[in-house]
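Below: one structure, written as structure tokens.
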Amino acid sequence: MRRSVKFRLIFLLSAIVCYSLGFQFLPQSLEAAYSQILLVGFSTLYFILLPFIYWFCIIKVGEQRLWKMLLILSLSSLMARFSFPVEIAMYFEFIAWLRYPIIAVLLAFQLFLMTSIIKALWQARSLSGDPRVHILDTYQEQDDKKRSLALVMASEPASWYYAIPYLSRKHVSAITCLALRSASRWHWLLMALGTFVLAAVVFMLISPWSELVAIIVASFISYSVVMVTANYRISRYFSVYGHADKLIINNSVWGFISINIEDIDSVELDRYLRKDDKEGLHFGYGDSSNIKLSFNRPQTYFGGLGQLTEQVDVIDMQVAEPQVLAEFIDKHLAKHATRDLADQGRKVQDTQDIPLSVMT
């Protein structure tokens, strides 16, 4: 397991433990015994310790942007609103006050999202690759916030694009396939059934409190079957393919990397044990890889549906046909080298054709 993933899990477990303890031990009123001591302790956990853990594990180790600290501060404020004593929780009532403008913004955003989805789906008829890759090509020179938002917006059309075979019928053929469990039909069937079962359980748990909320939450969970289907079809049919002068690697639907083929420094075919390189970026399941790509400049891997980025210099993969992938890369590198030589030849010829002027 890579270092960045370990630290993400450390933060996740820390947050679950801290918030769970808060709901368990914080009193409902300040009049209870030891209430002030508990309040000070959990305030420190919520707003000092957890943000520090988030900064270290996610921002520093994961090399994320500092503005993402707003996420953990907002989450801690929400947890404080529902777990702190009544006398203190009222000061976090601003979250409740903001619910109406937030709902209005969310509805407007949902309308905009649906409009963009319909528009993107219509445009996707002529696409030959992942909509996220087209978005990345468009926003590659933009700052992190714009690119992150663009990838979020592209994730929804991408899910529909891959989930519906008709929309992805013009997709370029795969070079080879990663060895992914999600490429199995049984895996897709179990995930789809699990999604509907979870939606039913959530509906039964929430409906006694609010049937409307139960319908909304269950609908959102059921809706994720689109992503489950997209995950299956990406893993099975489109995990490794070429797009223009790029090599696209889809680590299921959750992460992808777009590599300029000319940035590939070397391709090595061998059996690489992953336990020897626990910090490396590995694609495909198993304890070993059969192909390794090294780059002459860092490449960006987009994980977490494009929101968690990592800079990598080397990746190794377990693919079905490593030799075919190596030949594809070598062919494109040779073509690129030939094109460069031709360009240099034309420049030399143009230089020789320029008449010399003699100053007298």
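Each residue, glycine too, has its Cβ placed from N, Cα and C.
Copied over from TrEMBL, here are the features:
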COMPBIAS  340-350  compositional bias 'Basic and acidic residues'
COMPBIAS  351-360  compositional bias 'Polar residues'
REGION    340-360  region 'Disordered'
TRANSMEM  7-26  transmembrane segment
TRANSMEM  32-57  transmembrane segment
TRANSMEM  69-92  transmembrane segment
TRANSMEM  98-122  transmembrane segment
TRANSMEM  188-206  transmembrane segment
TRANSMEM  212-232  transmembrane segment
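Segment contact holds for the transmembrane segment (7-26) and the transmembrane segment (69-92), given three or more CB pairs below 8 angstroms at sequence separation of 6 or more. If one looks beyond the transmembrane segment (212-232) by at least 6 residues along the same chain, the residues whose Cβ comes under 8 Å of a Cβ in the stretch are 158-163, 182-183, 185, 187-188, 191-192, 195-196, 198-200, 202-206, 252-254.
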